[in-house]
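Colleague: The feature transmembrane segment is assigned by TrEMBL to 117-144, 165-190, 196-218, 239-255, 275-297.
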Amino acid sequence: MASKRAQCLGSIALLSVATGLAVTYLAIHAPPKPQFERYGSYALDVIRKEVGLGKGRYLPATHLYEEIEKFYYLLVRIFMDLCEKPFGKGAFLLIFSMTAPAASFATTEAVKPQKHYLLGGIAVTTIFLIGQLICIGAALPIFYIPALAYVRCQRSQEVHPQRAFSAGALPVLQVMQLATGVPGLLTVLVPTNHKYFFAANTWFQFFPVAMIALSFYAMVADNKNSVSSHAVAGMYRKGRISSTLLYWTGLYLMYPTLKYIAEGGRYDMPDAVKLILWDAVGIFFTLLYMVLIDMAADADPNAHAKNAQGPVTGTLKALFVSILFGPGTAMNSYLAAREDAVAPLHLAAAEAKAQ
């Protein structure tokens, strides 16, 4: 059974890596990408003007720093294309609605007292920073999902999700939600021709840096008295509200263009919109792989059988919720159900340890 479980988890990890590599290729590199190629050919002064900046330099005048600066302005220019029209804004909100539960899960697991270092604050920060370069829908499948599969395989006899953290972690996680949510919303809300768009998008590009606070918290946390897993479940349930609103708003913004296309209209999709749609595919599969890992890892009858009863929501129910309220909302419900399912086990373990 252990060997079969390891094979299943290994297969999921390999499939996830392949998915991430495909996403980053199709989103960024697969031709034709005329706009990306044009922006990449611009001189530094030209690309600075494109993103609303004047002449000058922010980094030392060497070739290496010039290329770094140009690459960053290229990222900002891509987001200007993405958020210039309602369809692109809607697509961005759509992926935002799915990324939110994945980010919540990653940050929540990173502050749990028994976490593995592969899922800790430094790892999560690094993965999300890489995601800003190669698409988060590629970085999570390539790095986070294999790490999660490995940890679940190595710790097959432990109850998952692991016991919660102390009450002090709750405000830290709330700050993480604001640090990830606010800059993304500002990128959508601030007009691309506004002088503050560059600042808003810069905040978005570097928001993963705030996640390093997870590591600092872990160094000083006193986890002798953990909150109930029900409290963590409640946090995920609250996340359903934001995921649903993002999903509905995204569809609302995309609807006119989708209707136009359905009626036979021609829509020349910008490279930036193609990128975000492929990115969304990667995030969707990330959520799917998270569920598959749980199904494979929880299947050991010699482990905590009760742990396998609550986590997996019914297929039809999950499909209904995903279509009507969005995959992000369905994932938040799933994560909440998992935390609720293991709460009695963690409570019993804590009581036994106290005796």
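In case you wondered, yes, glycine gets a Cβ from its N, Cα and C as well.
Annotations in TrEMBL come from automatic prediction, not curation.
Any idea what these are sitting next to in the structure?
Modeller: Residues of the same chain lying 6 or more positions beyond the ends of the transmembrane segment (117-144) and with a Cβ under 8 Å from any Cβ of it are 16-17, 19-21, 23-24, 27-28, 75, 95, 99, 102-103, 106-107, 109-111, 150-151, 205-209, 211-218, 275, 278-286, 289.
Remote same-chain residues near the transmembrane segment (165-190) are listed as 79, 83, 89, 92-93, 96, 100, 103-104, 107-108, 111-113, 196-197, 200-201, 203-204, 207, 210-211, 213-214, 217, 221-227, 231, 235, 239, 242 (criterion: CB distance under 8 Å, separation of at least six residues from the stretch ends).
Away from its own ends, the transmembrane segment (196-218) comes close to residues 51-53, 72, 75-76, 79-80, 107, 110-111, 115, 120-122, 124-125, 128-129, 131-132, 168-169, 172, 175-176, 179-180, 182-184, 186-187, 190 of its chain (Cβ-Cβ under 8 Å, at least six residues beyond either end).
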Colleague: Are there residues at least six beyond either end of the transmembrane segment (239-255) with Cβ under 8 Å to its Cβ atoms? List them, or say none.
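Modeller: Distant contacts of the transmembrane segment (239-255): 86-87, 89-94, 96-98, 100-101, 104, 177, 181, 325-329, 331-333.
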